[in-house]
Every structure is written in structure tokens, then in C-alpha cells.
Amino acid sequence: MSRLPFLPALEGLRAVAALGIILTHAAFQTGNDTGAVVNRIIARTDFFVPVFFALSGFLLWRRHASDFTFSAEGRRRWAGYYVKRLGRIMPASLAVVIIVIAFFPVAGDPGVLQIVANLLLLQNYVPDGMIGGLTHLWSLCVEMFLYLVMPLLALAVGRRRRAVRVAAIVTVGVLSALWPFLAGPRTGDLNPHIMPWAFFGSFCVGLLAAETEGWLAEVGGPRAETVRRWAGRRLLWVALAVGVLVLASFGGPEGLSSASPGEFARRTTCGVAFAAALVVPVALAPRSRFLESTVMQTLGRWSYSIFLWHMAILSLVFPLLGISLFSGGYVVMLLVFAVTAALSVPVAALSYALVEDPARLAVSRWWRARGVRTTAVRQTTSASCTTEESPA
């Protein structure tokens, strides 16, 4: 069984992850993320961030694992990969950063360093680099770093045997799990808990899913069908994911309290397990009427812009509804979630139609045209040299 080039179910899973992130922020800002066990479980829906990391790892590794070499063609693929990643991420990100800083009161009065860091997605490395309405973009900073380093891993092992690749990926994930103990507790304005290498484990979940998908395509037969059958038992994996949320709710401090190294390690490990429970089964058995429905496909297509805009919109929902921050029960939380999601979707649709998709296509067309011109120049040069050196 060959690998499908596009898996619609993963697009639908992006929509679920985006809505899950809105829920965790609605819970936090209505004060429903601490105290009761249910609150602490809801707070851990922030594990949908590692789901995004795992999805990126899976999609990028299955496409590019063997692309990067030091040959001329390999260098061109490397450059093309970076150009397309920047074209995919940066235009919509720049738009939201500029608009939020310029027009949203929640942004406050950020300094020049904060503004530049957020524009370049470097805020995780800058003391007090976060800006109101844009604080969630720390995860996009992580994502960009993962995009940058993935070709290095591919260059090292991408063309080696599968067993070597898997061993290397597992090693990276294990080393990532040691970061909380190396970093220690947060003591200053720079937060070690949002450094990209703390989340390599979630990214590696996606890489391992891609390797497993490739192995299933190679071996085929009863073994592959057995794995896919187990992966297709959606309720089992959803129950496991919920179980991880319950377990994680007892594994660390509540709210914004700083986690100890052990607590942070448990939390990131649970995030890896949550991402694995949701992403790997869908990647290996990518059939789901719910995730492939028109609504989920549309929301999945807009999910990046939904993610980008939801925090700024959330800041407007409270005065719109006449609700004070950090107050209200579950009904208020669900109301804030519903209104934020309902407003984020049309804004995201506009962002996708006017910025995200046109910019992505423009960058892709520019890169293809540049490649055609470069090839034409090389062919002309080669023909000229052949003519000059020919004995005829």
C-alpha cells in the first residue's frame, strides 16, 4: 500500500488542536484552570500545542527526510525548503503582530526589542519578550526553530537505514527530556520552559510516525493491516489521550506558578504522550468521517490563522460580554470559548484569503520561477562551453 500524498484527516486534526488551544486560554482567563480536578484537566488542553509540533514533524519528515545533501541539487532543495517554510509561516504572523501592536489595547506599550523579537519570532530568547495578545506565539517561535534544525537531522541520517533513523530520532527525543533538569527552575526574565529543545520530544513523535508509515507501506500484508486496524480504533486512543490529561493534572503546579525541573519534565512527557495518542493513530489509519468532514477540513485549512488571531480576539470578548478577567464558572468559560471561536473563524478566513494563502502561493511561484531561470542559465552556459570546446 503506497503512501497518500495528502491526508485529509490530519487537516481535520489541526482544527481540533486549534479549538483545544482556544479552550485552554478561555479556561485560564476565566479562572477555570486551577482548583478542582476538572479545572486542572481542562488546563492541560494546552497539550494541543505539542499536537501541532507532532503534526509538523510527521508532515515534514515524510516529505523531506531524504532531500538534504551537499550536492548541488541537495543544496537547492535545502534552500527551497527554508523559503517555502518562511513563506508559509511569516506573512500571516507578521500581519497579526503588526495589527495587534498597532490597534489592540491588550498589547500595551511594548519596547523596540520586544516588537522586533515578535516580528522575527525570536521572543522566546528575549527577556520579557512576550506582548499582550501575542503571548501564544511562543509556540510559533518553537515551531520555527524545529523547521530550521530538521534538515540537519535529515542530512545526518535521512539516507541511512530505517533502524538508524529511528535510533537517531529516539535519541533526540530522550535528550530533549533531560532539558528540564539541565535548565533548572525559572529564576529570571528568560523562561527556560519555552525553549525549543524542550519540545523536541513532541516533534520526534511525528518523525517516528512518518517512519512507521513508511515501514507499513514497505512490509504490507497482515502485519501492516494489524497495525492499521489498531490505529483505527479511535475511541481507544481518545480515551488514552483523556487519561493523559487526567494524569497530567496531578503532575505540577497550577496556573502560572513556576514548575520545578521534575514537574516540568513530567508535564512535557505527558504532552508527548498526548500528542502520540492523537497524531500517530490518525497518521497510520487516516480515515475519519468526522475529521474529513467539510466543516473540519475548512477549519483545518484556516487553523493556522485561527491560532494566530484567537488571543487578540479573546482580549476583546471580555469587555464585549461585560465579563471580568479571571471570574466566572463553567458556563462563563464555555460562553467565552464559543464567542472567541465564533469570532476567530471569520477573521481567520479573511486572514487566510487575503494574506496567508496568497503569500504562500506567491513565494512558491517565485521560487519555481527562480529555479527555471537558474536551470536555463546553467543550460545556456553548458551549451556555450560545449560549443567552444567542440573539435567540430
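Just so it is clear, glycine is given a Cβ too, placed from its N, Cα and C backbone atoms.
If you look up TrEMBL, you'll see 9-348 marked as domain 'Acyltransferase 3'.
According to TrEMBL, the feature transmembrane segment maps to 12-29 (among others). Sequence-distant contacts of the transmembrane segment (12-29) (same chain, six or more residues past either end, CB-CB distance under 8 Å): 39, 42-49, 51-52, 55, 136, 255, 278-279, 282, 288, 290-293, 296-297, 299-300, 303-304, 306-307, 310-311, 314, 318, 325-326, 333-334, 336-337, 340-341, 344.
According to TrEMBL, the transmembrane segment annotation covers 41-61 (among others).
Annotated transmembrane segment per TrEMBL: 94-117 (among others), in sequence order. Within the chain carrying the transmembrane segment (94-117), a Cβ under 8 angstroms from the stretch's Cβ atoms is held by residues 123, 125-126, 128-134, 137, 308-309, 312, 315-316, 351, 355, all 6 or more beyond its ends.
Per TrEMBL, the feature transmembrane segment maps to 137-157 (among others).
Annotation source TrEMBL lists transmembrane segment at 164-182 (among others).
According to TrEMBL, the transmembrane segment annotation covers 194-214 (among others).
Here TrEMBL flags 235-252 (among others) as transmembrane segment. Within its own chain, the transmembrane segment (235-252) has Cβ neighbours under 8 Å at 37, 40-41, 43-45, 47, 259, 263-264, 266-267, 270-271, 273-274, 277-278, 281, counting only residues six or more beyond its boundaries.
The transmembrane segment annotation in TrEMBL covers 264-285 (among others). Same-chain neighbours of the transmembrane segment (264-285): 7, 9-10, 13, 16, 44, 47, 49-51, 53-55, 58, 173, 176-177, 180-181, 193, 198-199, 201-202, 205-206, 208-210, 212-213, 216, 227-229, 231-234, 237-238, 240-241, 244-245, 247-248, 251-252, 291, counting only residues six or more beyond its ends whose CB sits under 8 Å from a CB of the stretch.
Summarising the annotation, TrEMBL assigns transmembrane segment to 306-326 (among others).
Annotation source TrEMBL lists transmembrane segment at 332-355 (among others).
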